[in-house]
Amino acid sequence: MTVDSDNDLERQIAEWRAYMRRRRPLHDTDADELEDHLRSRITELTEAGLQADEAFLIAVKRMGSLDEVAREFAREHSERLWKQLVLPREPDAPTAARSRRELPVMVACAIAAAIAIKVPALFGLDISDDEDAEFYVRNFSLFVLPVLAAYFAWQRRVGLRVIGVLALLFVLGAVAANAYGLDGDSQSFVLTAIHLPLALWLVVGVAYVGGEWRSDRRRMDFIRFTGEWLIYFNLIATGGGILLAFTAGTFNAIGLDPEEFIQSWLLPCGVVAAVIVSAWLVEAKQSVIENMAPVLTRVFTPLFAATLLAFLVAFMWTSNGIDVDRDVLIIFDLLLVIVLGLLLYSISARDPAARPSLFDHLQLVLVVTALVIDVIVLLAITGRISEWGFTPNKSAALGENVILLANLAWSAWLFLGFVRGRAPFAQLERWQTRYVVVYAAWAWLVVLAFPFVFDFA
Amino acid sequence: MYITKDLVAASATPLVLGILADGESYGYAILKQVNDLSGGQLEWTDGLLYPLLHRLERLGHVESAWETPPGGRRRKYYRITDQGRAELAEQRRQWATVVDALRGVWSTTESLKPSTAIKPITATPAWGTGR
């Protein structure tokens with residue numbers, strides 16, 4: 001082999017690598033691995049007497065079409081391009097036509113949701129009126145989430161059976177929200193207003209995964225989607241808030257009072273449209289902000305871990321019991337939910353094959369402290385229940401804390417195994433995706449059964 | 001001899017796990033060993049072995065590490081885990097059942113040659129098309 005052909009071979013391999021790098025499912029380490037393979041084969045072939053360039057051609061051919069290899073990698077590492085719902089393939093004509101229709105369909109859905117929220121106004125239910133506001137609080141999610149589910153059902157071309165299930169669940173939600181005739185001051189009313197959107201959001205999840213709700217990977221996709229969606233929604237809400245402030249300020253300046261317009265038109269229509277637009281943005285623009293949510297979890301995981309630790313230290317130092325006021329309980333529940341969100345999101349954004357890092361240890365600390373706090377809160381709640389008996393609020397708080405406790409405890413156990421190199425990360429992933437069912441079941445239970453059990457209190 | 005894609009796919013996991021059960025190895029060597037073991041009959045597309053290895057790793061059946069042998073290239077080695085051994089044993093049981101059943105069929109079938117009256121079935125069997 002001459003020096004020339006050696007250089008030539010290196011150039012060819014470098015070109016092949018560059019070509020491979022353009023395929024997003026393939027990461028650098030995969031490219032390293034495949035290149036090592038290619039070189040092994042070239043060495044073998046040249047030793048058998050072939051010229052370097054001949055050997056290169058054969059080796060590349062034996063590797064198979066890079067498109068096909070990339071597709072297999074994408075199938076295996078769906079977290080790398082979870083947003084590409086259709087695995088990379090040659091864009092055929094119908095797909096291209098469909099993606100052109102994406103934007104108009106999204107706009108139509110956003111408008112549909114905006115109209116839906118104004119329909120009750122035709123029957124004299126004014127959203128800015130305090131009396132009627134109860135109706136909107138109870139039903140808010142029912143105006144927008146079915147539209148969102150329909151959008152995904154269209155986009156994923158789900159079958160009739162799945163559409164039937166979705167419709168049935170939304171009808172069930174509508175019945176549960178309205179048939180009981182809950183009093184606006186009752187605890188059950190507040191619980192329904194909180195839990196119905198959660199239950200229905202998971203119904204949207206069924207549409208999001210195109211009916212494949214049994215698939216762990218697809219569920220994880222939905223968890224990712226939820227995190228990204230929250231970020232987009234918050235961005236739009238911030239922008240919307242600024243818009244509202246300007247609208248109010250400028251119109252006031254010329255002596256018009258836009259308050260009623262804002263309260264009964266701009267705000268409700270804007271919020272429901274933003275729900276749809278954020279979902280579309282997540283789907284359409286993933287690569288832009290894809291890395292945002294993992295960054296946020298990285299920033300906030302240490303901060304939350306430090307805060308929780310500080311709280312635990314202070315709790316033990318002062319040996320004060322927790323004052324189990326309703327508001328305080330809610331704060332603790334929200335705190336635990338945020339911890340869980342941080343955990344879930346960092347799991348969903350993590351490369352499952354990566355080795356345990358310092359960040360994973362931090363995460364473990366966060367989970368364990370949250371677990372301890374959950375136990376303290378649980379003790380406080382049970383103490384209060386044994387003293388004053390069950391109320392809807394306390395029972396819901398108890399149930400939620402038990403559910404979180406189970407999740408956090410087993411997560412901590414799996415995390416410990418992972419950090420010590422005893423268990424693969426995938427176990428933790430699977431545990432979280434399977435647990436989603438528990439949340440769904442609980443949310444529906446609160447919405448459907450609690451009013452009955454507690455006599456509409 | 002051409003071996004259908006479904007058969008190649010179905011046998012890939014036990015083959016890889018079986019090879020790794022003998023000791024750690026890397027992609028190219030695994031492929032060569034499969035080739036040797038099957039007398040050159042089992043032809044895998046090189047690139048498709050790696051997604052399979054990554055899947056086995058994600059499931060916890062194998063683990064990997066980059067190693068640099070003295071004077072050599074950096075290379076990713078795969079090692080079977082205890083869980084992978086258990087999986088291999090399970091796959092082995094399943095394959096043994098299938099092979100036994102096939103053997104039973106072969107011995108009861110009078111002739112494997114297609115009869116002249118009935119046309120041989122050339123299409124892919126129905127159970128193979130679903131994958």
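Every residue gets a Cβ built from N, Cα and C, even glycine.
According to TrEMBL, the feature transmembrane segment maps to A:103-123, A:135-154, A:161-182, A:188-209, A:229-253, A:265-283, A:295-317, A:329-349, A:361-382, A:402-423, A:435-454.
Here the transmembrane segment (A:135-154) sits apart from the transmembrane segment (A:295-317); fewer than 3 CB pairs are under 8 Å, leaving out pairs fewer than 6 apart in sequence. The recorded stretches the transmembrane segment (A:435-454) and the transmembrane segment (A:295-317) do not share 3+ CB pairs below 8 A when only pairs 6 or more apart in sequence are counted, and are therefore not in contact.
Note: the stretches the transmembrane segment (A:402-423) and the transmembrane segment (A:229-253) are not in contact (fewer than 3 CB pairs below 8 A, sequence gap of 6 or more). Across A:161-182, A:188-209, A:265-283, A:361-382, the stretch most heavily in contact with the transmembrane segment (A:329-349), judged by Cβ pairs under 8 Å, is A:361-382. Three or more CB pairs closer than 8 A are found between the transmembrane segment (A:229-253) and the transmembrane segment (A:265-283), so contact between the two stretches is assigned (pairs 6 or more residues apart).
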